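Peer 1: Structure below; questions to follow.
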Amino acid sequence: MNALAATSRNFRQAARLLGLDSKLEKSLLIPFREIKVECTIPKDDGTLASFVGFRVQHDNARGPMKGGIRYHPEVDPDEVNALAQLMTWKTAVANIPYGGAKGGIGCDPGELSISELERLTRVFTQKIHDLIGVHTDVPAPDMGTNPQTMAWILDEYSKFHGYSPAVVTGKPIDLGGSLGRDAATGRGVLFATEALLQEYGKSISGQRFVIQGFGNVGSWAAQLISEKGGKIVAVSDITGAIKNSNGIDIPSLLKHSKENRGIKGYNGAQPIDPNSILVEDCDVLIPAALGGVINRENANEIRARFIIEAANHPTDPEADEILSKKGVVILPDILANSGGVTVSYFEWVQNIQGFMWDEEKVNNELKTYMTKGFTAVKEMCKTHNCDLRMGAFSLGVNRVARATVLRGWEA
């Protein structure tokens, strides 16, 4: 089942739980606007190259739309639609005043020079500058993009609209980026995990963790969890997978991974088959890489008691059913990985106020939001007698539906 089908299915289940009117249900699913633009640039060798840029703006009932821009050769419109929709529910669960969006350019950033990427980013911005904005739609980095990409968008947008740092988030600190943004998703994963374990009378300390994915989110989660006394027994990334039952020394693994562009060859743990990472023995499993990795093929073999979805959509609906029968507790992505968009919101707030916070304030506010989000989801679970995923979806959908009705938009 692809991401769009799964997200829409979760939405429909939540709508039924909430007893939403069928017209309102239909209007909440349809995107507000889909934009597709041609971006032609001169390459370094003087030839012209054309790329397709797009932006799906899903919903703006609760505030400006928010979501990443990815540069990737295979940009699937269905997946972008699903991710835009997911952002609508995610921002509502986090209770920040945004709706959902997603976009990008169909290109392979590895094949383009820095100056070609800059030209491409600026042409894309010229094409969509009147459709994004501080109070309309606020992009952020995603796969294949980074703070430098955001700096180019900010500069190009500002040529048309005056200096507007709040038009994008995930910017370099020197251009109004927020302290703590880099670690935000991983730190949010830590706070969400703490809140969940507390429900079961446990803490991070002494639990055994397995982390799939050692990019930004996985590596920060690993670092912060090990600082809190969690024992990380296995880790994988695109280069391979490693295991040490006594716990991996994360600071030395981070150093190795930085120097060798991956965890492969790290001598403080033994190499294992990357395909077995999800079924390693542990208390808490954190998929922090790709979607759809936990499916009906491997769900029966998973030995973790808790799964924290740091990646977007890592668990297939079929696997969900198998795991819930086994009594595995899954903290869903729309809550578990919302730390990134929450600190993006803090960045936007700081830019609008023209007043920057110190890192301690950012982290304290993030903890407050993540903990409140978890409590609100638990309340929903009690009210509707459902699991955490349905609790989170029904909380998000309910908040968007209420805003839609209050604004007089329902059909």
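Quick reminder: no glycine exception, Cβ is built from N, Cα and C everywhere.
Okay, these came from TrEMBL:
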| type | residues | note |
| --- | --- | --- |
| BINDING | K66, K90, S344 | substrate binding site |
| ACT_SITE | K102 | active site, proton donor |
| SITE | D142 | site 'Important for catalysis' |
| BINDING | T185, N216 | NAD(+) binding site |
Peer 1: Long-range neighbours only, meaning 6 or more apart in sequence with Cβ under 8 Å: which ones does N216 (NAD(+) binding site) have?
Peer 2: D182, T185, G186
Peer 1: Ten-angstrom check, please: count other Cβ atoms within 10 Å of the Cβ of K102 (active site, proton donor), all chains counted.
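Peer 2: Other Cβ atoms found within 10 Å: 29.
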Peer 1: For the recorded substrate site, enumerate neighbouring residues of the same chain (Cβ within 8 Å of the Cβ centroid of K66, K90, S344, site residues themselves excluded), in sequence order.
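Peer 2: Not counting the recorded site residues, we get G67, M87, T91, A94, I96, Y98, G100, A140, S338, G340, V341, T342, Y345.
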Peer 1: Which is it, of T185, S344: the one of these binding-site residues whose Cβ has the most other Cβ atoms within 10 Å?
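Peer 2: Neighbour-count leader: S344.
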Peer 1: Could you list the residues of the same chain, at least six apart in sequence, whose Cβ is under 8 A from the Cβ of K66 (substrate binding site)?
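Peer 2: Within the chain, K66 (substrate binding site) has Cβ neighbours under 8 Å at M87, T91, Y98, G99, G100, A101, D137, V138, A140, T169, V341, S344, Y345.
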Peer 1: Counting across all protein chains shown, how many other Cβ atoms sit within 10 Å of the Cβ of K90 (substrate binding site)?
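Peer 2: Taking all protein chains shown, K90 (substrate binding site) has 28 Cβ neighbours within 10 Å.
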Peer 1: I'd like the Cβ neighbour count for D142 (site 'Important for catalysis'), meaning other Cβ atoms within 10 Å of its Cβ, all protein chains included.
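Peer 2: Result for D142 (site 'Important for catalysis'): 19 neighbouring Cβ atoms inside 10 Å.
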Peer 1: What's the CA to CA span in angstrom from K90 (substrate binding site) over to D142 (site 'Important for catalysis')?
Peer 2: 16
